[in-house]
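Sharing a structure below in structure tokens format, with a few things to ask.
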Amino acid sequence: MTDRFDIIVVGGGHAGCEAAAAAARMGARVALVSFARDSIGAMSCNPAIGGLGKGHLVREVDAFDGLIARAADHAAIHYRMLNASKGAAVQGPRIQADRKRYKDAIHTLLDDQAGLHIVEDEARALTLDHSDSVTGLALGSGRILSGKAVVLATGTFLNARMFCGADIAVGGRVGERAAQSLGDQLRARHLPIGRLKTGTPPRLDGRTIDWGVLEEQPSDGGDWTMSPLGPGRAAPQLFCAITRTNARTHEIIRAGLDRSPLYTGAIGAQGPRYCPSIEDKVVRFGDRDGHQIFLEPEGLDDPLVYPNGVSTSLPADIQTALIRSMAGLERAEIVQPGYAVEYDHIDPRALDASLAVRAIPGLYCAGQINGTTGYEEAAAQGLIAGINATAFAGGRAPLILDRASSYMGVMIDDLVLQGITEPYRMLTARAEYRLRLRADNASTRLTSIAQAVGCLGSARADWFNSRIRVREALLTKLEKESVSSERFAEAGVDVSRDGSRRSLFEWLRFPNVDAAAISRVSDVFDNVDPALIAEIAEDAHYAPYLARQEAEIRGLRANESVPIDPALDYRAIAGLSNEMTERLERARPETLAAAGRIRGITPAALSAILVHAKRRAA
Amino acid sequence: MTDTIFALSSGQPPAAVAIIRISGPRAGAALEMLSGRLPVPRRATLTRLLDPVTGEGLDRALMLWFPGPASATGEDLAELHLHGGRAVVARVMLSLSAIESLVLAEPGAFTRRAFEHGRMDLAEAEGLSDLLFAETEWQRRSALVMAEGGLSARVKGWQDRLLGLSAEVEAMLDFADEGDVEDQGESVASLNARIAILAADIRVMLDRPSGERLRDGIRVVLAGPPNAGKSTLLNALAGREAAIVSPRPGTTRDTIEVPLGIAGRPFLFIDTAGLHEGTGDEIEAIGMDRAHAAIGAADVILWLDETSESPAPERTIALYPRGDAEGRSMSPNGDMIVVSAASGAGLDALVAAILERADHLLPRTGEIALNRRQRECLASSHAALQTDDDLLIVAENLRVARADLDRLTGRAGTEDMLDALFGKFCIGK
Ligand SMILES: Cc1cc2nc3c(=O)[nH]c(=O)nc-3n(C[C@H](O)[C@H](O)[C@H](O)COP(=O)(O)OP(=O)(O)OC[C@H]3O[C@@H](n4cnc5c(N)ncnc54)[C@H](O)[C@@H]3O)c2cc1C
Ligand SMILES: Nc1nc2c(ncn2[C@@H]2O[C@H](COP(=O)(O)OP(=O)(O)OP(=O)(O)O)[C@@H](O)[C@H]2O)c(=O)[nH]1
Ligand SMILES: [Mg+2]
């Protein structure tokens, strides 16, 4: 009896935790299966959360009452708003986390979540019925869990191999095992599987670093946080430091290339272009005289330091030499050498836009298994997969976020339509409607959607409902209250005295009129949350551009309404090249607009598809 | 069997060109009956149209054949581009209605058929060949058919430059924190400069007048004070006495248009009334108004007055007239061309200068002539290319500019931009 669940989630990483928690928030009875209870919520690599594009994802998951932002606030020992000097649309909140505090926070959040049960075991195989639908999961202990849907969030663990110089080990993370039998089962079901690699830098003993000679980077002032509902800035703040590689470092690396598995051919899989190993940087951009390296502490009472920027799989002796060639690191000790991991991932084009595996009803995939990299990317997919698995189990329509709604929508659309050629990481450049998809307005964009799918806890719902009221009232006031240019000028705001009268909202579009300027002529902002004021001021500032995008988006959404048969025989359509046919067959777009977004699909090809579909229907 | 419909789909005659569209299963048969053959699909073909019954010649026309389903209506579709006189159009319509199962289309029937065949959403998705439908004018069409490849290549070049610019902006936005991306202030200025250059390059294409100039001729306006010798120069260029010449100032009162072909290029020379303070004479005032209007619409102004500057210097060839007169054989400054309408001296140089201007105003043979829709896409791309100090807005403008070009040649998406980005910079930790 106890082994019956609605939803079974495999993997206690960032994806799995969000999936399980989201499903449980929606009222499902959830099993979260992971190798080791203790490693649930572990950060495999750099203990940092957020950043450009990624910070957006964190805030979006938080808008659905997810875990990652609140846990990050609990663990943060360094806050930094990236791109702070630019428009809010490209500002990326980022924190440096104390690993232990982060894990503790996740454990607390999971333990407090009703309906969520942690099962410490290995997921060995899916159990399927005669029609290939998921019925549950067989565990290493022999136990069988039954469930209506399963979310796979196994990270880098499928058939994983680790490389450090010539040493090769089986395992998804140092000190942990690989998920072999589940990997074998997926391959046997003919799911399209690819292989990717990623790497991690060596960890240094902070007590052996000469901090005194290095440029310090303190935590941001101010009191912004990842989540409005977190504990605030709960932990003491540390500083990071910056050093650089130099000509000698590069010489050492070049001399060692013949011993790097990336260059000896031992690793064939593609790694990420935006997170290149230091070997790659030196080979591809040999003309540069140095690369910045950030030294980031891993925890409050943890001497480990993460040298951000020297991901490598060179042999340990070369790692030591190259680290010691840098300023401040002359006597640094490596505690754990860097290594590369090569692992299986599912071609995400085998999924539909709800993250369901098309070929196996009831199976969902989220996180690094889908070819992404990063905690935030994993968390966001976990959230959506958890919601959609629960919707599926309850016979409800899936939640599909479009590209105009969120970075989550952009990412999933990219994954399921384009597939991947390298580990996928979020970038603000991927979001064409970037101006409206800001980290600071994630709640406004998404929390009402979350509320509609029943994914909010009561504290979040209360917070949101009161925020909506304040926001509406504030907007009304800003639009109603009109002020003359003279009034501003008299208050010392630099505007031309041309006798014009405008609403406060319109005034906010002027470069010299910011929230502080408004407060000099009006009391509308008195006692209002500064975050809300900043959000509205940014909306006003970019209003004409937002309006233009709005019009574009209406067109986009209209095209989304032309469905394409998921079983369409693309080979029967004259005029499609082999390459197009293959891409369409892999991604199986659900609408004409989605087909049009697939790389290489021309307008002419779209018309051919449409005509064919209509002919068949007639 | 569904009816085959036909209708006049251009404006009411008389007009330069009239287009009749025929859509449906018998469209091909109708073409064969009128012209004796079925042309190569999607190519403008010149033909003689004959009445199928009487064999009477109807018109020399251009025909186009779009076999379904890849046509605007999704059915077999034919187009006849006729000389647009009332009689010709009426006569061809009559011949068509005599063909079995061809019926005159109800209003909106083409659109409805397009919709029924799933062609409606294609308003934006037509390939370049579909753009041919937007054409109305036959000289332009033939130029377009030849030049299609050329336009795509040009647009591709701009797309590449836009992608490169976007890549740089995105690198500054997404990887700003990494020392490997160039210093901001300096590169924002350089970016803006390159955006302005790209905008200017696109402007050149937009400014190219193409079809209208081919058809109507390049407008060359002779202007200057009374008695400067404008009419005499016109006559010398035309090789005939097109305008009255006299020693009295104020001889020419109205504008005089003289079409001329020079070296295979079409021109329309326009002589105007002399410009001066005015005596209060009403007719003279009207004449000068017309002269000003002609100058306003001129492609090239021949300005016959060394003592004042042309009202539109950038479109002007400045002349130093009466080169045969005492002491006037040399221009006091090198920019003016010395001409003598009396002796013919300097006319060669003048003609050469006019031809040089003409070559910038006319599409070269086989060169790109934009149709209205292409022009619109380009124009909106150009309009989006505004410089700004806010990188976010620069990025947004570039995105819009790329999307507008994409409408011309098909999509170059975000991934292409990222390829450009990662190829160019060492980014990522
Ligand atoms: C070496 C390395 C370096 C990285 N560097 C970075 C970086 O610098 N920055 C960054 O943002 N991201 C980095 N990443 C990626 C980031 O760690 C992952 O993208 C992210 O953690 C993926 O989350 P996930 O939930 O998909 O999987 P994971 O966090 O990997 O979690 C998978 C979970 O599934 C469990 N599991 C797997 N198989 C089974 C099974 N069969 N039965 C039971 N339990 C199972 C595992 O125990 C684990 O708890 C790196 C990853 C690695 C391995
Ligand atoms: N010597 C000489 N006389 C010229 C030349 N061109 C024009 N003339 C004389 O100048 C007088 C005026 O010439 P027009 O051509 O009528 O001058 P216009 O500019 O048309 O004058 P309006 O029509 O009155 O504005 C005539 O007597 C011409 O013979 C020239 O190149 N050389
Ligand atoms: Mg005259």
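Glycine too: its Cβ is placed from the backbone N, Cα and C atoms.
Automatic prediction, not curation, is the source of TrEMBL annotations.
From TrEMBL, here are the annotated features:
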BINDING   B:R21, B:E79, B:R119, B:K429  (6S)-5-formyl-5,6,7,8-tetrahydrofolate binding site
DOMAIN    B:216-364  domain 'AAA+ ATPase'
BINDING   B:227-232, B:246-252, B:271-274  GTP binding site
BINDING   B:S231, B:T252  Mg(2+) binding site
By the count of other Cβ atoms within 10 Å, pick out the sparsest of the binding-site residues B:N227, B:S231, B:S246, B:T252.
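Result for the binding-site residues B:N227, B:S231, B:S246, B:T252: minimum number of other Cβ atoms within 10 Å at B:S246.
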By the DSSP assignment reduced to helix, strand and coil, which category contains B:P249 (GTP binding site)?
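Where B:P249 (GTP binding site) sits, the three-state DSSP reduction gives coil.
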B:E79 ((6S)-5-formyl-5,6,7,8-tetrahydrofolate binding site): which of the binding-site residues B:N227, B:K230, B:S246, B:P249 is the nearest Cα neighbour?
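Going through B:N227, B:K230, B:S246, B:P249 one by one, the Cα closest to that of B:E79 ((6S)-5-formyl-5,6,7,8-tetrahydrofolate binding site) is B:K230.
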Which of B:R21, B:A273 has the fewest nearby Cβ atoms, counting only those within 10 Å, among these binding-site residues?
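Each of the binding-site residues B:R21, B:A273 was scored; lowest Cβ tally within 10 Å is B:R21.
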Among all chains shown, work out which of the binding-site residues B:E79, B:K230 has the most CB atoms within 10 A of its CB.
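Going through B:E79, B:K230 one by one, the largest Cβ count within 10 Å is at B:K230.
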Out of B:R21, B:P249, B:A273, give those binding-site residues positioned within 10 angstroms of B:S231 (Mg(2+) binding site), comparing C-alpha atoms, in sequence order.
B:A273
Look up B:R21 ((6S)-5-formyl-5,6,7,8-tetrahydrofolate binding site) in the DSSP assignment and report helix, strand or coil.
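Strand, per DSSP.
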What's the CA-CA gap between B:T252 (GTP binding site) and B:R21 ((6S)-5-formyl-5,6,7,8-tetrahydrofolate binding site) in angstrom, rounded?
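With distance taken Cα to Cα, B:R21 ((6S)-5-formyl-5,6,7,8-tetrahydrofolate binding site) is 47 Å from B:T252 (GTP binding site).
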I'm trying to understand the geometry here, so how far is the Cα atom of B:N227 (GTP binding site) from the Cα atom of B:R21 ((6S)-5-formyl-5,6,7,8-tetrahydrofolate binding site), in Å to the nearest whole number?
54
When you measure from the Cβ of B:P249 (GTP binding site), how many other Cβ atoms are you left with inside 10 Å?
12
What does DSSP call B:E79 ((6S)-5-formyl-5,6,7,8-tetrahydrofolate binding site) in the simple three-state scheme?
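Assignment for B:E79 ((6S)-5-formyl-5,6,7,8-tetrahydrofolate binding site) reads strand.
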Between B:S246 (GTP binding site) and B:R21 ((6S)-5-formyl-5,6,7,8-tetrahydrofolate binding site), how far is it from one CA atom to the other, in Å?
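B:S246 (GTP binding site) and B:R21 ((6S)-5-formyl-5,6,7,8-tetrahydrofolate binding site) have their Cα atoms 54 Å apart.
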Cβ under 6 Å from an atom of ligand 3: which of these binding-site residues qualify? The list is B:K230, B:P249, B:T252.
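Near ligand 3, sequence order: B:K230, B:T252.
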At the Cα level, what's the spacing in Å between B:P249 (GTP binding site) and B:R21 ((6S)-5-formyl-5,6,7,8-tetrahydrofolate binding site), rounded?
55
Considering only the binding-site residues B:R21, B:E79, B:S231, B:T252, which possess a Cβ situated under 6 angstroms from at least one atom of ligand 2?
B:S231, B:T252
